[in-house]
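So that we are looking at the same thing, I have put the structure below in structure tokens.
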């Protein structure tokens, strides 16, 4: 396996390559910009240095590479070459548990860092984040009490007890609260006719309803879960006139009224928003003549109702996002199927937000909250606050298995107690007017953060010893600073010896790089043998011969350097995370990261922040859709094995959470969910057939529907096996006996037939018994001659 290089090493190599490119070309950038002061020299490039030594040999440029200045015998102590640096100011170690006091719980390290950056330079620093165990949790349940949620209200009357029981498996310090909303109590959102409809909006439905209200805070966060149940039982529904609700008003007030709600500083904040309808957004208030924008402040009165409901417009998504981030609140949209796609879109615009599908009667809200909390705790995503305009940041994430993922500022699939780290490169563009600024980096939903104090090192130390009206500058015509004269208005020359009023045509040849070329590039005047560049409405003209400017670079979509870089003498110098001739190609890869944890789902290449699908049949923003791909089922099969059965390659490598981010739902049977569904079947290690379906809805939510029970071959019946074995033994014995008997019979028959055959062939003489011998015997005497 190829070794992974740390993000810092990659960044360092890239930086060295960039700096080398500055000097390897045809000319030295430090000596070709026509600078005449130390401050200008440092702004040319991070590789440039300035020599303030008065004894520097004549003709040697004071702005040069440091090694060149040393070769020119510039004293080392006279060289101005500030180096960007990072210094850790505070770094408490990360905590392992969250059961201590707030001051003892640390989830982000370091906490404070100081950066010193010279113009156009960058510095890399690291940040570690850990989700500690047993961290306190605050859950505020915000419910839609419009008439359509009547059955849901009865379903959550015991939610407090059940929720506490489930959440205490994850934390020993839980508090829950309750609030309700309907919509702004003003026409056209409410019924105003007939008059009795104001007090009882359900007058024509033979039901009694509460008068319509905007938002009311019912129960402050408490660890007494029985009180939650009691307060919920006291609630009744109301009724509004139009379909959308005023939920965003309620979210805003529940977020910013931290004292009323009781949010703790040292706890995870979960705001559960339940509804079955759309919601009004900013500018919808104009339907009721409400034009005052939402101010994002707390307006809960002594009666615990939202007092500005009829005078202030609904909040915008941007304002909600800002306030949720400031208060470290994770929003959970628990909404019904008919509006889930809308709230899925909202969640993409609000960091730290999750969406769950609520059943029609809210019976699954308990599991939904627990699952949503698990998703929140399994993800770490960084956000940046108050970043100076002149700074740009680029991120590299080291999540699981110490794998560095360039361009990513989030990690998913984490377990409680896991530690992740981020390598962050801060790069400054130019020289900001404010020399000291600060910004904050924090994980979404965390109270812990990293404060970065930045000092922009734009000045030279030798400027502190400047001599105004110095005799060295032609009897006081300028300030002697850093080894050169900075001439007063109206004076020019290296020693301020030439007045602008003087004019000698013979000096004009010194204002042209070559004979025959325009003087001062036709963008300046030659005074005393020195180019004085014109001012321009488009930008700044610089250079020894006025050959450079900051406005003549290429444009892309109407913006110079695509809006992602600076123009430096006709060339685009791209910001961090951007590259290309036009600076229009981002180097970030987080936009190419698919839900399975792979860049472009492993089916394409990430080019300029977008996936270019290369596998035939694949499509989608991250090449995630590919019904005809051979890996559509094989990869998801590994996720099913890992997440449902806790086995398989991904489980053994502990990468299940990273590569398998789809929701898994168990079903009894697979149904036809449309053309975006892919049915898959495989045999597991137990030789059982597992069937599942991969489905992606219109909102982009991917789900794996897995049949609860795999189809396994039935095991043998023991009794049948025993009887079969015994029967087989008996049959074999009987068969053996029969065969033996048959063989014996055949053998006997053959012998008997042989006997009969031999007996039939026998020829016996029946006249004499060959065994009988007569009593007399007759012998003939051969010698007897008859005499």
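In case you wondered, yes, glycine gets a Cβ from its N, Cα and C as well.
Sharing the features that Swiss-Prot gives for it:
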BINDING   148, 151, 152, 276  Ca(2+) 1 binding site
DISULFID  38-460  disulfide bond
DISULFID  41-63  disulfide bond
DISULFID  51-74  disulfide bond
DISULFID  399-411  disulfide bond
DISULFID  473-485  disulfide bond
DISULFID  487-496  disulfide bond
DISULFID  498-528  disulfide bond
DISULFID  548-569  disulfide bond
DISULFID  553-567  disulfide bond
DISULFID  592-606  disulfide bond
DISULFID  613-623  disulfide bond
DISULFID  688-712  disulfide bond
DOMAIN    29-75  domain 'PSI'
DOMAIN    134-376  domain 'VWFA'
DOMAIN    462-497  domain 'I-EGF 1'
CARBOHYD  345  N-linked glycosylation site
CARBOHYD  396  N-linked glycosylation site
CARBOHYD  477  N-linked glycosylation site
CARBOHYD  584  N-linked glycosylation site
CARBOHYD  679  N-linked glycosylation site
MOD_RES   766  phosphothreonine
MOD_RES   772  phosphotyrosine
MOD_RES   778  phosphothreonine
MOD_RES   784  phosphotyrosine
SIGNAL    1-25  signal peptide
Around residue 592 (disulfide bond), which of the listed recorded positions (148, 460, 487, 498, 623) come within 10 Å, judging by Cα atoms?
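Near residue 592 (disulfide bond) by Cα: 623.
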Run through 151, 473, 477, 548 for me and report the recorded positions whose CA is within 10 Å of the CA of residue 487 (disulfide bond), in sequence order.
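If one measures from the Cα of residue 487 (disulfide bond), the recorded positions that come within 10 Å are 473, 477.
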Tell me, by DSSP, whether residue 411 (disulfide bond) is helix, strand or coil?
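Strand, per DSSP.
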About how far apart, in whole Å, are the alpha carbons (Cα) of residue 712 (disulfide bond) and residue 679 (N-linked glycosylation site)?
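Residue 712 (disulfide bond) to residue 679 (N-linked glycosylation site), Cα-Cα distance: 19 Å.
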If you run through the domain 'PSI' (29-75) with DSSP, how many residues end up as helix, strand and coil?
13 helix, 7 strand, 27 coil
Please work out the number of neighbouring Cβ atoms within 10 Å of the Cβ of residue 496 (disulfide bond), leaving out its own Cβ.
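Summing over all protein chains shown, residue 496 (disulfide bond) has 25 other Cβ atoms within 10 Å.
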Applying the rule Cβ within 8 Å of the centroid of the Cβ atoms of 148, 151, 152, 276, what extra residues of the same chain belong around the Ca(2+) 1 site?
144, 146, 149, 150, 153, 336, 360, 361, 362
Is any of the recorded positions 41, 345, 485, 496, 688 within 10 Å of residue 477 (N-linked glycosylation site) (Cα-Cα), and if so, which, in sequence order?
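Final answer, ordered: 485, 496.
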Tell me the Cα distance separating residue 276 (Ca(2+) 1 binding site) from residue 396 (N-linked glycosylation site), rounded to the nearest angstrom.
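Distance between the two Cα atoms comes out at 40 Å.
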Are there any residues at least 6 positions away along the chain from residue 623 (disulfide bond) with a Cβ closer than 8 Å to its Cβ? List them or say none.
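594, 600, 601, 602, 603, 604, 611, 613, 615 - these are the non-local Cβ neighbours of residue 623 (disulfide bond), listed in sequence order.
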Please report the DSSP secondary structure of residue 498 (disulfide bond), reduced to three states.
strand
According to DSSP, does residue 606 (disulfide bond) fall in a helix, a strand, or coil?
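Note: residue 606 (disulfide bond) is in a strand by DSSP.
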Among 148, 473, 606, these being the recorded positions, pick the one whose CA is nearest to that of residue 688 (disulfide bond).
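For residue 688 (disulfide bond), the closest Cα among 148, 473, 606 is found at 606.
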